[in-house]
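Right, one structure below, let's go through it.
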Amino acid sequence: MNTELLGVIGIFILTIVLAIPLGKYIAKVYLGDKTLLDPIFNPIEKFIFKISGINSAEEMNWKQHLKALLSINIVWFFLCFFVLLFQGSLPLNPDNNPSMTADLAFNTAISFLVNCNLQHYSGESGVSYLSQIVLMFLQFVSAGIGMAAAAMIFTAMKERTTEKLGNFYNYFIKSCTRILLPLSAIAAVALVFSGTPMTFEGKDAITTLQGDHVEVSRGPAAAFIAIKHIGTNGGGFFGANSAHPLENPTYFTNGVELWAQMIIPFAMIFALGFYLNKRKLANIIFGVMTVGFLLLVVPTVMSEINGNPAITKMGIAQTTGAMEGKEVRFGPAISGFWSIATTVISTGSVNSMHDSSMPVSGAMQLLSMMVNAFYGGCGVGILNYYIFIILAVFISGLMVGRTPEFLGKKIEAREVKIAAFIAILHPLLILAGTALASYFTAHDTAMGYWFNGNATGWLNNPGNHGFSEMLYEYTSSAANNGSGFEGLGDNNPFWNITTGIVLLLSRFIPIIGPLAIAGLLAGKKYIPESAGTLKTDTSIFGIMTFAVIAIIAALSFFPALALGPLAEYFTLK
């Protein structure tokens with residue numbers, strides 16, 4: 001086994017080992033138990049609640065949680081939108097970067113608001129330092145929103161019969177101060193000491209070894225990059241994201257950034273077990289997610305290590321694997337692992353160019369986002385999986401002739417309808433958007449305001465790969481991921497507006513649905529467990545849930561995958 005694979009395995013195992021105590025700590029934070037950080041953060045949180053006039057001890061029902069969540073996001077959207085729209089005239093712009101167009105500002109504000117960071121611009125020339133700071137703020141709060149929603153779900157599952165499910169603002173502030181901030185500080189310090197810039201000075205002029213005079217972009221990158229991964233956001237400070245030598249300088253920083261994006265999604269699963277005092281249930285959920293993750297990782301890593309068969313046919317040896325679009329300091333194995341970690345977890349950061357990945361890798365990256373149920377982003381990963389638990393419980397109950405129950409609450413028609421709607425919405429948004437873009441491209445439609453030229457102009461690659469680029473853009477948007485096949489010309493009104501709409505719908509409806517289900521179930525009468533109760537903490541139920549995910553989430557996309565990356569794969573044979 002080569003050292004590259006050992007590095008991949010080592011990082012994965014280390015993250016799991018560290019996620020267990022972090023999960024215990026997260027459960028304590030949401031339960032209100034004492035932690036080591038109380039003396040530091042108690043005064044800060046009291047000050048925040050005092051100046052904002054919020055009573056953090058006031059209990060809310062699920063509708064009040066949603067009202068608070070949605071209203072605060074509206075405020076943040078307009079704040080970010082106007083900063084981006086007028087950044088050229090605002091302070092902290094030493095490189096004199098211009099203001100964004102309205103459609104790009106709309107897309108960017110929504111993208112960071114919903115924890116996606118789709119980025120139809122390049123960081124070096126597209127945003128000022130003030131805009132970067134505002135976007136970094138959104139990276140914190142968008143992750144905090146997802147974690148607060150998960151905390152409400154935890155409370156709903158724990159309580160026997162109640163309408164009150166904690167306080168949204170309490171969960172949100174604690175998520176930001178006690179979890180995201182300390183972890184981000186650790187990651188940022190590691191990055192700074194490894195060579196990532198942390199300054200408010202503008203571009204630096206240098207002379208290369210061959211005598212060329214060039215300008216190198218810098219800025220407060222380390223802080224931005226830390227929360228981009230800890231909060232599973234993924235937006236790059238620089239255009240090349242974590243493939244950029246200043247954003248991810250060494251193999252060590254690559255490991256830190258991989259750990260950073262995986263640690264909270266892993267820990268949230270274990271936190272569920274500690275919070276409910278049901279460790280076995282959490283282990284089953286983690287096991288199902290890990291099996292799904294490995295089924296996506298192994299083909300990807302092997303495909304990248306084995307290289308491009310078209311190049312092999314030319315008699316050219318590929319001892320280092322498929323290196324197109326890869327960074328030499330990382331190599332194909334860990335680049336392939338990162339590409340699945342970042343798409344499964346919904347981070348969306350890249351340390352290689354996904355557009356240059358082998359077709360099998362591209363298919364696995366797409367499938368990771370299409371399934372959207374293994375690990376997932378900060379908090380929302382649990383919400384997505386919760387939907388499939390409800391569906392699996394309902395289907396299992398029908399199969400054995402028992403009333404569907406989950407944690408002592410009956411699953412009835414209303415909850416199943418909500419869960420089914422959420423499960424169907426994801427493929428609908430992806431396939432409808434891709435169909436629209438494909439129609440315009442196939443007819444070479446003159447787009448007018450929507451695009452400067454005919455629709456084929458936004459594709460740099462024809463045929464199967466061009467279709468994959470359009471499919472990937474909408475899949476990434478719907479999964480709130482943010483990575484892309486960057487051969488697509490996406491900075492224009494058509495892509496900025498359509499993906500912006502998909503981003504909004506695919507973020508907030510899948511949060512509203514699980515919160516509604518959890519709130520409805522929490523208000524129902526608790527039914528004690530009996531011999532006839534379907535146990536949800538067994539491997540059999542885990543397999544059932546995996547089957548539901550495979551049938552509903554994965555098979556819905558097979559025709560689209562067959563037209564794109566799978567067809568491309570067979571053309572290389």
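Using N, Cα and C of the backbone, Cβ positions are placed for all residues, glycine too.
Worth saying up front: this structure is predicted, and the values here are computed from it rather than measured.
What Swiss-Prot says about this protein:
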TRANSMEM  3-23  transmembrane segment
TRANSMEM  68-88  transmembrane segment
TRANSMEM  133-153  transmembrane segment
TRANSMEM  179-199  transmembrane segment
TRANSMEM  256-276  transmembrane segment
TRANSMEM  281-301  transmembrane segment
TRANSMEM  380-400  transmembrane segment
TRANSMEM  418-438  transmembrane segment
TRANSMEM  501-521  transmembrane segment
TRANSMEM  540-560  transmembrane segment
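Sequence-distant contacts of the transmembrane segment (501-521) (same chain, six or more residues past either end, CB-CB distance under 8 Å): 61-63, 65-66, 69-70, 73, 107, 110-111, 113-116, 118, 145-146, 149, 152-153, 156-157, 163, 165, 380, 383-384, 386-387, 390, 406-407, 409, 411, 414-415, 418-419, 421-422, 425-426, 429-430, 433, 474, 477-480. Counting Cβ pairs closer than 8 Å to the transmembrane segment (281-301), the top stretch among 179-199, 418-438, 540-560 is 540-560.
Under the criterion of 3 or more C-beta pairs below 8 Å, with sequence separation of 6 or more, the transmembrane segment (3-23) and the transmembrane segment (256-276) qualify as touching. At the 8 Å Cβ threshold, with sequence separation of at least 6, the transmembrane segment (380-400) comes into contact with the transmembrane segment (133-153) through 3 or more pairs.
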